[in-house]
């Protein structure tokens, strides 16, 4: 599968909206897609493309502005990634962020050196020149730093806009050429004045207009789906989550009965979910859903399997086998619709720049069910109208299409379902234990009116047994882990500081109502270093 996020601009989604386009040249930063998200929050379309994109290609795209991302390299590494130096002569406003600022300085004749002391985390930023880029930013504010190199000498024509105690040159500008740089990360939530700075660049310097709206996206996505699909039939694997449900509503509005949704019940969903899903789509919204009970097939694939990556692969491969068999029975179909999102692509094919070779290298985190299991000879053509959206944007689109709030606000749920929330081998007994524990978690979170405050809240079953005492009897049973996190987009997350009495109620109910469990623990790990899911 081609990941256009990190290569050339995606002209299939947002083509008309790209008249107000900000492009981000990605130098391997973990925050590149977050920059895009922040710009979209200002209602301007933004995409991440390769740092190797030439000035000529950029000129053809005609973006309103260019942002150079941060990155893990030093500009003086032998094979440090370099942008085309001709971009400085395009006359397009450019903002360099961290490594991007250092690269700007180096290529334009300034000096970058290893800092005496690196700067990481929150730092007080002092504004020296509150001109266009820093308009409406407090004279003293907090920004997020992450750099070991620093600019020590400016290129001709540049001036200093801001400093910190450890970094004398923390923001720079050449207003006549509309070239700007910041040593900090304005896109990170910890940067107090970051959003104001980004808005200044987008609106005051790049002169953009707010055209990236939910209504505009829906209108254009429907138009593009109709143009691509024509009178052909489309098959969609419906999971009941916000992504596939939003996609189903969008496609149904675009092509009506040309869409067939297939719900494959692998046996790894939460308690009562298959029944609720079918009732909602078939009876309430009259969208055709073909139900396939494949529980035994999937469970048979996992007998004796304990490795999480092997679980994902087997589930993904079996899903495709079932999907292809059923599609032949129901077909023919020309297109397969997928609800691939930005975070899916980011986590499945994260990239860094190898300082020794200068080449991109994949940093494998884990396979995502919806992007990692497709065979090379897939006979469907793909339709992925949501692939450039972040989760919060998908929710906005779903809401605008009339999707019920119970689905719009549904917590993210992995494609392999409870199979990757059971560590070790998946068995019918363990599935039943986890379903019952998970139901209690959801009931109590809703009763406490905290469901919408959390990004995810779920239970994990561990493959070990612990000693306990219940009544006068010694027990030897499973522990359950509670995993509650807060997040904006799933790219980073923090463990949720929920009330102790809520945790106590959940723990008491689980150990008393779920046979086979005698211990409940709470996970207080953030992402990074951990991931949200345990597998």
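The backbone N, Cα and C atoms fix where each Cβ goes, glycine too.
The domain 'Glutamine amidotransferase type-1' feature in Swiss-Prot is assigned to 21-211.
Following the DSSP three-state reduction, the secondary structure of residue 98 (active site, nucleophile) is coil. The number of other CB atoms found within 10 A of the CB of residue 98 (active site, nucleophile), across every protein chain shown, is 25. Per Swiss-Prot, the feature active site, nucleophile maps to 98; the stated evidence is sequence analysis.
Residues or ranges marked as active site in Swiss-Prot: 185 (among others). Counting every protein chain shown, 24 other Cβ atoms lie within 10 Å of the Cβ of residue 185 (active site). DSSP assigns residue 185 (active site) to coil in the three-state reduction, outside any helix or strand.
Residues annotated as active site in Swiss-Prot, with sequence analysis given as evidence: 187 (among others).
According to Swiss-Prot, the domain 'GMPS ATP-PPase' annotation covers 212-410.
The Cβ of residue 240 (ATP binding site) lies under 8 Å from the Cβ of 263, 269, 273, 276, 277, 407, 410, each on the same chain and at least six residues away in sequence. Among the features that Swiss-Prot reports, ATP binding site is placed at 239, 240, 241, 242, 243, 244, 245, with the record citing sequence analysis.
When Cβ neighbours within 10 Å are tallied across all protein chains shown, the highest count among the binding-site residues 239, 244, 245 belongs to 245. Applying an 8 A CB threshold to same-chain residues 6+ apart, the list for residue 243 (ATP binding site) reads 339, 341, 386, 391, 394. Put simply, 187 is the one of the active-site residues 98, 185, 187 whose Cα lies nearest to the Cα of residue 239 (ATP binding site). Same-chain residues with CB within 8 A of the center of the 239, 240, 241, 242, 243, 244, 245 CB atoms, the ATP site residues themselves not counted, are 238, 246, 247, 248, 339, 407, 410, 413.
In this structure, residue 242 (ATP binding site) is part of a helix by DSSP.
The Cβ of residue 241 (ATP binding site) lies under 8 Å from the Cβ of 339, 407, 410, 412, 413, each of which sits 6+ residues away along the same chain.
Taking all protein chains in view, 26 other C-beta atoms sit within 10 angstroms of the C-beta of residue 187 (active site). When the C-alpha distances from residue 187 (active site) to the recorded positions 98, 244, 245 are tabulated, the minimum falls on 98.
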